[in-house]
Amino acid sequence: MGRTPLLEATGEPRKFDPKFRGPIHNRHCTDIICCVIFIVVILGYIALGIVAWVHGDPRKVIYPTDSYGQFCGQKDTPNENKTILFYFNILKCASPVVLINLQCPTTQLCVSKCPDRFATYIDVQASYRYRPDQWNYFRQFCKPGFNNPRKSVAQVLRDEDCPSMIIPSRPFLKRCFPDFSTKNGVLTVANQTTFKDGRGKTRNVTDLREAANGINNVLDARSVGMKIFEDYAISWYWILIGLFIAMIVSLLFLVLLRFMAGVLFWIFIFGVIGIIGYGIWHCYWEYDHLKGIPGSDLTVYDIGFQTDFRVYLQLRQTWLAFMIILCVVEVIIILMLIFLRNRIRIAIALLKEGSRAIGYIMSTLFYPIVTFVLIAICISYWAVTAVFLATSGEPVYKVMANQTLCKYANLTCDPETFNRTNVTKVCPGAQCTFAFYGGESLYHKYIFIFQLANAFVFLWLVNFAIALGQCTLAGAFASYYWAYRKPADIPLWPLFSSFGRAIRYHTGSLAFGALILAIVQLIRVILEYLDHKLKGTQNSFTRFLLCCLKCCFWCLEKFLKFINRNAYIMIAIYGKNFCTSAKEAFFLLMRNVVRVAVLDKVTDFLLFLGKILVAGGVGVLAFFFFTRRIPLFAQEAPALNYYWVPLLTVIIGSYLVAHGFFSVYAMCVDTLFLCFCEDLERNDGSTAKPYFMSASLHRILGKKELSPKKAVG
């Protein structure tokens, strides 16, 4: 492996400090302007949260609101015992979304319970004298204080003193919805297929379907949700045991990588070669077996597109194409192994070195907990602030008129002065009812901007937390690599020291990198929002343009994450600002692009396989346990409604646990790789410039043997 010219992109020789011995301690603050901006933004974010807390009212999310802007079920109010919202005429509600958004154009009233029978105001009024109990039941769904069954039906319906009809309902999301059920495949409400609408018509219950579309499925989902909650309640102990086993298995896999990284890699590679070889043989066997069978010599073009893909498997051309593809893949893999064998050996050696480094700095395995806590705090603060911002505002009332041609319909109004206006004269029966929460102040006009700022700062903080973790781990592992005698020269508390350096000197640089990434992510969020809003109305050109933009920014985000990751490593080593570190990391990687590609794929392959093995192994064990197929623990397994609930939780949780451990490992390998490339460019193995790499890496390079002192490491 030849020496690489020490040239920057400008062609000038790259300057090295001959006394460099790893992460420098005499540092200075970097990207101070960005650090100041970051601190100011955090203070502004806290101020935004306080303002949102002052103006917002999460009760608007917890409690439904009636037509008078009053909360249902709120303590110390007349509605304290009336926790459910009732709709006078649910037929006017087009969809559940309209209901939940409180924009259904009908009177909404807080009640203590939903109606449990069919009844109309006409029938109740007619039977008032000899059946007063029916009126007493019906009037609880009328406006508070109304008790005049002698009032004419036309006037009652015009003034909406009472609903024209009530139907059996049940509460969901603290709102009354029709009690749908299916009988012999027919939609019914309380086993009836028709009902009186209180206006002289008999209607089918299917007319309620549009107003409560999908509610029955959601109610069924609520029942499933309760069962899932029960399963979690009785199996959480065993889920934690499964995750603990996943942690132990992940640690064992890292230990195996230290001693058997080469063996594991070659076993997996030759296994893949063997599987592909078997696939080639099987394709040839199918190709030869179909010889002479009628119709097998047809081409894919002849039969065209078929929904049953098994038809294509009856063609010789299909198996020939499969065989050619597999042969090409097999040849590519073999050629890569032949020409890149030395690079692969370096990658495997770095994998072993990474396991050794983690073995000396075991505390790094638990640092992801710190990152998780920081991200959890960011998510919680963002969610709370978003809720308070969304519930900011005063009640807005609008004119609700029964007449479709009323010129005052949907205009804002004041309920206190509404009766003194001429609206009721021009539009008889019109009412000033609550519509939504909003306002005309400067704060309320810019709620959307505040929500956008909330999302942007959230992305910035999350990316900063990730950057802090990467820089901290990189500094700890760089301390290991640049220790001449390992482990004797490794600094005391390398992880804690690296964390302190990152916070004290490089907050601005980490915030700068996180800012760039947050801007791209926010643009991606906006593009997704536009795509969702324009769906169904956009033309082909718009769809194509949005698709291209989304793809470009996705690629840009992936590239920036790669650059930022390596820039943080260089910041941890040299203590330079973000732009300089990113530039040096980029050109260093470009000078070793083949090594980068090989190392990246080898590491990704092994770690991905490790994650699958951990999640799959623990998942199989959990499957046999929760299905009581392990005789020794059959009595210990809990009785579950759905065994797949804890099973999927264990599998997904095990994968995340393994990902947490292996992300530290991947960061370790990336750091050691950059240090390795720097070591090659700085030193030549002589006494004056000895290599800092391990003895195994030195032997792979084919250089002269290490000095006796170095061989100790």
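Here the Cβ of each residue, glycine as well, is placed from N, Cα and C on the backbone.
Your range for transmembrane segment, going by TrEMBL and the list 505-527, 574-596, is 505-527.
Between the transmembrane segment (605-626) and the listed ranges 236-256, 263-281, 319-340, the one holding the most Cβ pairs under 8 Å is 236-256. Across 360-384, 457-484, 647-667, stretch 457-484 shows the highest tally of CB pairs under 8 A with the transmembrane segment (29-54). Of the ranges 236-256, 319-340, 360-384, 505-527, 647-667, the one with the most Cβ pairs under 8 Å to the transmembrane segment (263-281) is 319-340. Sequence-distant contacts of the transmembrane segment (457-484) (same chain, six or more residues past either end, CB-CB distance under 8 Å): 21-23, 38, 41-42, 45, 354, 357, 360-361, 364, 367-368, 370-371, 374-375, 378-379, 381-382, 490-491, 494-495, 497-499, 501-503, 506, 510-511, 513-515, 517-518, 521-522, 564-565, 568-569, 571-573, 664, 667-668, 670-672, 675-676, 679, 690, 692-693, 709-710, 713.
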